[in-house]
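Only one structure is covered here, and it is reproduced in the block below.
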Amino acid sequence: MVVCKGGEGDAAPAAGGKEPEVPPCREDGAGAVQPCLCPAPGVEAAGAEERRACGCCSGMSWPCCCEAPGTKKKAACPGLGLFYTILSAFLFSVASLFLKKIEDVHSVEVSAFRCVFQMAFVLPGLIYYKTGFLGPKGKRIFLFFRGFLGSTAMVLLYYAYQVMPLADATVITFTSPVFTSLLAWIFLKEKYSLWDLLFTLFAITGVILIARPPFLFGSRVTGIEGSYTNHLKGTIAAITSTLSAASTIIILRKVGKSVHYFLSIWYYAVIGLIGCVIALFVLNEWRLPHCGRDRVFLILIGLLGLGGQVFLTKALQIEKAGPVSIMKTMDVVFAFILQVLFLNHLPTWWTVGGALCVVASSSGTAIRKWRHSVKKAKQREI
């Protein structure tokens with residue numbers, strides 16, 4: 001048995017046969033410093049600099065062992081990540097409800113306010129982490145398209161919320177994981193199996209049941225909020241928003257971890273704000289809300305959207321992506337509840353059937369990806 005030296009790979013015996021002093025390798029929750037003792041066969045020569053993997057660790061370098069004798073692991077609160085996911089879904093749903101309640105404010109202007117709140121949140125993080133404002137030269141083109149597609153998805157989604165039922169628009173956005181798998185197969189050469197094809201067909205079926213095109217359901221379509229023309233426009237906007245959001249995920253996978261998360265959001269907010277301001281002047285839609293209630297709603301939309309993003313990020317940091325993706329289907333539940341309670345609009349059986357198809361599709365995709373990642377992790381351990 002040798003004594004681990006903090007942060008170095010050598011474990012040379014002290015002169016005179018005495019063991020050297022043990023520097024700390026890890027501190028437990030109570031503040032007491034515990035030495036890290038790990039078997040290191042073959043590391044006997046003084047000055048050996050090779051770092052070795054400890055058998056009791058998963059992905060950590062010896063000598064800082066996660067299961068060293070005497071160390072205490074900080075107990076994680078079980079289910080905290082799933083609670084953050086539910087809270088994030090609730091905040092996003094309430095923000096969507098406020099968006100439905102706003103009168104005479106264009107969706108592009110609402111998106112501009114959202115971008116301002118994101119910039120105010122991200123700017124201190126960029127300064128603290130010293131990431132710069134442009135990013136690595138080879139990644140700027142990807143960051144630009146990430147910002148452009150992400151902001152486009154936000155504007156189109158807000159437009160869909162305004163012109164069609166809240167639950168319908170929310171359900172359509174849940175086809176994003178299915179389209180992400182399809183785009184990853186096309187652009188990243190990832191595997192696309194028969195299961196993925198089946199989930200894609202389920203998602204398309206759900207969207208058709210929600211949109212109810214006249215050539216399939218006849219000219220007399222019932223249960224539509226407002227005119228069918230607006231409903232169709234909202235459906236197209238929601239589908240395009242979903243495709244744009246899926247494309248941003250593909251771009252983020254392409255970029256990988258070479259770009260800080262804050263920098264990615266910064267591009268999203270800056271490019272979105274510039275695009276929204278240009279669009280508002282072209283459409284001549286730039287104006288402040290006439291009443292104070294709508295101004296309060298705009299502020300709350302920005303705060304709730306930011307809070308939802310923060311809690312979703314924290315959930316993904318402490319919980320696996322599979323359970324988080326499945327729990328995010330609570331967005332649909334909250335959307336139906338808020339629509340019935342505050343908008344007095346009962347969903348039709350077509351909408352409920354479409355929602356079940358889409359939720360089954362997105363959940364199946366998430367479970368399959370989760371099992372695949374767990375299987376790969378076990379193979380790496382072996």
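Even glycines carry a Cβ here, placed using N, Cα and C.
Automatic, uncurated: that is what TrEMBL annotation is.
Copied over from TrEMBL, here are the features:
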type	residues	note
REGION	1-21	region 'Disordered'
DOMAIN	80-211	domain 'EamA'
TRANSMEM	81-99	transmembrane segment
TRANSMEM	111-129	transmembrane segment
TRANSMEM	141-161	transmembrane segment
TRANSMEM	167-188	transmembrane segment
TRANSMEM	195-215	transmembrane segment
DOMAIN	233-362	domain 'EamA'
TRANSMEM	235-253	transmembrane segment
TRANSMEM	265-283	transmembrane segment
TRANSMEM	295-312	transmembrane segment
TRANSMEM	324-343	transmembrane segment
TRANSMEM	349-367	transmembrane segment
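Mean predicted confidence for the domain 'EamA' (80-211): the pLDDT average there is 86. Of the two recorded stretches, the transmembrane segment (141-161) lies close to the transmembrane segment (265-283), with three or more CB pairs under 8 Å once pairs fewer than 6 apart in sequence are set aside. Here the transmembrane segment (81-99) touches the transmembrane segment (324-343). Their Cβ atoms form 3 or more pairs under 8 Å, with each pair 6 or more residues apart.
Sequence-remote contacts of a segment are chain residues at least 6 beyond its ends whose Cβ falls under 8 Å from one of its Cβ atoms, and for the transmembrane segment (235-253) they are 142, 145-146, 149-150, 152-154, 156-157, 159-160, 163-164, 168-169, 172-173, 175-176, 179-180, 182-184, 187-188, 207, 210-211, 264. Secondary structure of the domain 'EamA' (233-362) per DSSP, as helix, strand and coil residue counts: 110 helix, 0 strand, 20 coil.
In terms of DSSP secondary structure, the domain 'EamA' (80-211) contains 110 helix, 0 strand, 22 coil.
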